[in-house]
Amino acid sequence: MSKTKIYINGKLIGTCENPEEFVEEMRKKRRSGEVSPEMNITHYPENHEIYIFTDPGRARRPLIIVEDGEPLLTEEHLEKLETGEMSWDDLIAAGIIEYLDAEEEENAYIAMSPDEINDEHTHLEIDPSTMLGICAGIIPFANHNSSPRNTMEAGMTKQALGLYASNYDLRTDTRAHLLHHPQVPIVKTRIIDVTGYDERPSGQNFVVAVMSYEGYNMEDALILNKASLERGLARSSFFRSYEAAERRYPGGQEDRFEIPEKGVRGYRSESDYRHLDEDGIINPEAEVSSGDVLIGKTSPPRFLEEIDEFGTVAERRRETSVTVRHGEKGIVDAVLLTETVEGSRLAKIRVREQRQPELGDKFASRHGQKGVVGLIVSQEDMPFTEDGIVPDLIVNPHAIPSRMSVGQVLEMLAGKAACMEGRRVDGTPFTGEDEDDIKEALRANGFETAGVESLYNGITGERIEAEIFIGVAYYQKLHHMTTDKVYARSRGPVQVLTRQPTEGRAREGGLRFGEMERDCLIAHGAALALKERLLDESDKYEALVCADCGMIAVYDKIRDKKYCPICEDSESFPVEVSYAFKLLLDELKSLCIFPKLILEDKA
């Protein structure tokens, strides 16, 4: 029998002949307190390897130890915990509960509930929902969803708007979102109670109908009720902070907060400085839009070689004011004046913008059902129930079956029952309220147990033939909003090197006309449209080409003369090329390759 290697934190430290006994002995020592409870040990018999981990940073979770088919945690322990005679640490010290990492959990046989324990089980879940993290733990009835949907929701929860910090009014975060009327979810989980999610909720309870609406909610688009939005549904504020400091430079020069004078290099128009106070800083509650100056600032010149007509060095200051970002607007929310570590003056301006949901804003339920707003409909045109209930949101029925997010269907049923009974429903995965109890609550309040109702067309007033599934679901507004993403450009800055438009919304860049778009125009035979996009509207350049040698010729502006650097006296002709092509020729020359352009008469 080959010896089993033992690794500690990935380093080989020795071997042993009886691996099963060794691992069992180490676990006993850990449970009795002889070895640190933070140690985890795993045996891989097929590889003849034992791994021991003690390093920090491992994700570990608590489980109840099971021995001989019986959990070590008894009713007596639970009573002592309730009275305070025992604490959590006492349970660990007594070897009743232990923490396992991912490696050791690989070889553990964990029971979900005490009823299913047999002689082979090694551990028992404290509660089945504890296997989920914080983000996945807020999903009600998560055990009824497919795992990719739960994974998606765990990611999107972090993007949901809510009360991100209770002291948001005292902070100057670079960017921040704040939901105006966050609500606690009607359908909750035990992890929501444990984590204090109710203190900082990040969503609202929507009345949701599952039906199509004129095709405007196909492909996960959502239909929103305009009246609900006007009442404040999913309304939020966006905060952006700007800052500037009076930096000091070698030679005693420094930046200054002031309203720049007209002689300053880079001076803007007077209207751009209209909101500034005498000290060069904007007043609170001023309404600003992109390009408006928030902090008027001038800086010393970069170079001191400029000599005026009297022979002295001229100090012509530069305009370096802080302006509102391109494409943004808002109201100055707060102005903070303080000092940097070096003792220079520091100004911070926070601008707020109120945002009502609009077409293209992203929403998601707690079951990975994400979608963007496809249409905002007046309340009088929305469908309504026999009781006069108008849904806040309409989602497409196609979003449910293939994704198997049955948890959302159950949440809508539970939310409806909770609203009628004036209580919150426990939707904890595996151990929440039973589906039959929820259906019974609906029946007791005069509703169909399947959650369907007869709806009437808001436009014609006729009863819709199909019965519509309608209920209450918790929806989250995510920070992906149209206002931050919509962009168009007709003219703007170009790059110095390639003379092509810059890239990106923040830099007022162009929209890339890529290879695939080019191929489409080629396939259509739209030659002039292709030339317009890729040449005329991009980086058109008139290059002079020598007729004899095919080299790029030079134009001497002072002597008003065109000449070839090689042939000198030969004739040269203007040729329209892309500047990127001219740049390529220059780079080939730097590699000692002689590119020649052969000229022909224009047809």
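For all residues, glycine too, the Cβ spot is worked out from N, Cα and C.
What Swiss-Prot says about this protein:
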| type | residues | note |
| --- | --- | --- |
| BINDING | C546, C549, C564, C567 | Zn(2+) binding site |
Cβ atoms within 10 Å, counted per site: which of C564, C567 has the most, among these binding-site residues?
C564
According to DSSP, which of helix, strand or coil covers C549 (Zn(2+) binding site)?
coil
Inside 8 A of the center formed by the CB atoms of C546, C549, C564, C567, which other residues of the chain have their CB, for the recorded Zn(2+) site?
A547, D548, G550, M551, A553, P565, I566, E568, S570, S572
In terms of DSSP three-state secondary structure, what is the assignment for C564 (Zn(2+) binding site)?
strand
